[in-house]
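So that you can see what the record holds, here are the features copied from Swiss-Prot:
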SITE      ARG14  site 'Important for substrate specificity'
ACT_SITE  ASP71  active site, proton acceptor
SITE      THR72  site 'Important for substrate specificity'
SITE      GLN156  site 'Important for substrate specificity'
Amino acid sequence: MEKGRIVLASASPRRLELLASAGVEFDVCASDIPEEPIPGEAPADFATRLARDKAVATAARTEGRWFVGADTIVVCAGEIMGKPVDEADAVRMLRKLSGVSHEVITGYAVYDRERDGLLCKAVVTKVVFKPLRDEEISAYVATGCPMDKAGAYAIQGGAAYMVERIDGSYTNVVGLPLCEVVEDLRRIGAL
């Protein structure tokens, strides 16, 4: 019996690489939804809502059976950090993260078109940065790497040395909690 098509509602190269590394066959159809929190919305609820909206919006405009949406945010001292708007914002974010613990939250959703079913979850990983010097921050921002990353850093790239420790899923910090997503896809019959 053919399982049907899985569609990843994201153009993130990191999410594509992660899902492919688990041997999952999928198509890609990026979603384009507004990414603004609702006043008073909890960070995990925000990330999960965006993931749900991405999965459902993608299902409305493309073929497939299961639609996987995801959104990753960084939360530090109560501030939800998405992608920086410019280099100055990236510097500000990295200064705030310097030497402190923060949370990386990825909300993910799997929409099953055939059953009109929706599974939504949030995975939280705690990350601690070493204290960063302004020169380190400036040099990293100058690479351009932080500009499309929540919290202005990529744990798997040039910012790896900034991370003192993590508690939780490494792949969650990269952009997709792979263990959880693959297990849920298996559980619902997509794999």
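Every residue number used here counts from 1 along the chain in the order it is shown.
Every residue gets a Cβ built from N, Cα and C, even glycine.
According to DSSP, the residue listed as 'active site, proton acceptor' sits within a strand segment. For the pair THR72 (site 'Important for substrate specificity') and ARG14 (site 'Important for substrate specificity'), the C-alpha distance works out to 11 angstrom.
The Cβ of ASP71 (active site, proton acceptor) has 28 other Cβ atoms within 10 Å, all protein chains considered. DSSP classifies GLN156 (site 'Important for substrate specificity') as coil under the three-state reduction. Sequence-distant contacts of GLN156 (site 'Important for substrate specificity'), defined as residues of its own chain at least six apart whose C-beta falls under 8 angstroms from its C-beta, comprise ARG14, VAL174.
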